[in-house]
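Read the structure below first, then the notes.
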C-alpha cells in the first residue's frame with residue numbers, strides 16, 4: 001500500500017464497466033489506497049464518454065465488453081477527445097488476443113480481471129505514471145513482434161479485424177444482426193458482410209458453425 005506524501009494530490013480514477021459487482025470490487029481496491037480515489041462510474045460507452053468530459057479523471061479503467069458498444073471503440077473515441085488521456089483496460093478476455101489491440105487503440109495498459117489485488121494496483125499506478133503496463137508474457141510477445149514485424153497468429157480469431165472481432169463476440173452472446181447493427185451503428189447488410197468475412201477467416205461453412213464456434217470461444221474466455 002502506498003502512503004500519501006505531503007501536498008501530493010489524490011489521483012482520480014473513472015471506472016467504465018457494465019457489471020456493477022466488478023465496478024464495486026475495483027472501487028473497493030482503489031479506495032484502500034490513500035492517494036487514489038474513484039471519481040465516477042459508468043456502465044455504458046455513452047456514459048463513459050460523458051463522464052470523462054465532465055470529470056477529467058487522471059485515469060480511466062475500461063472493460064472491453066459494454067452494453068452499447070465495445071471498449072476498443074471507447075478507447076479510440078476517448079483518444080480523439082484527448083490525445084493525452086490515460087487508459088487502462090481491465091477485462092476477462094484473453095490478453096494475447098486483446099492487449100495488442102488495446103494498446104494500438106490508445107490504451108496504456110491491459111490487465112486481466114482474474115489477476116490478484118497487488119497486480120491490479122500495480123497496473124493502475126504504472127498507467128497513472130504514463131507507462132505501459134503488460135504482463136511479462138505479453139511484453140515478450142511485443143518484443144518478438146517488433147523483431148519479426150508480426151508474431152504469427154496463434155488462434156484463427158487473432159486474424160479478425162477489430163470490427164470483425166466485435167461482431168464475433170456479439171455472435172457468441174447470441175445478439176441478432178438487427179441488434180448488432182443498432183449497437184455498432186452499422187447497417188444490417190454491413191453486419192452480414194462482416195459475418196461472411198469472419199466465416200472465411202475461421203474456415204467455417206455455415207451460420208450454425210459460426211454460432212457454435214463463437215459460443216465455445218466465449219465459454220473458454222471465462
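Glycine is treated like the rest: Cβ placed from N, Cα and C.
Restricting the average to the domain 'Response regulatory' (12-128) gives a pLDDT of 92. The domain 'Response regulatory' annotation in TrEMBL covers 12-128.
Residue 63 (4-aspartylphosphate): 24 other CB atoms within 10 A of its CB, across all protein chains. For 63, the entry in TrEMBL reads 4-aspartylphosphate.
Summarising the annotation, TrEMBL assigns domain 'HTH luxR-type' to 153-218.
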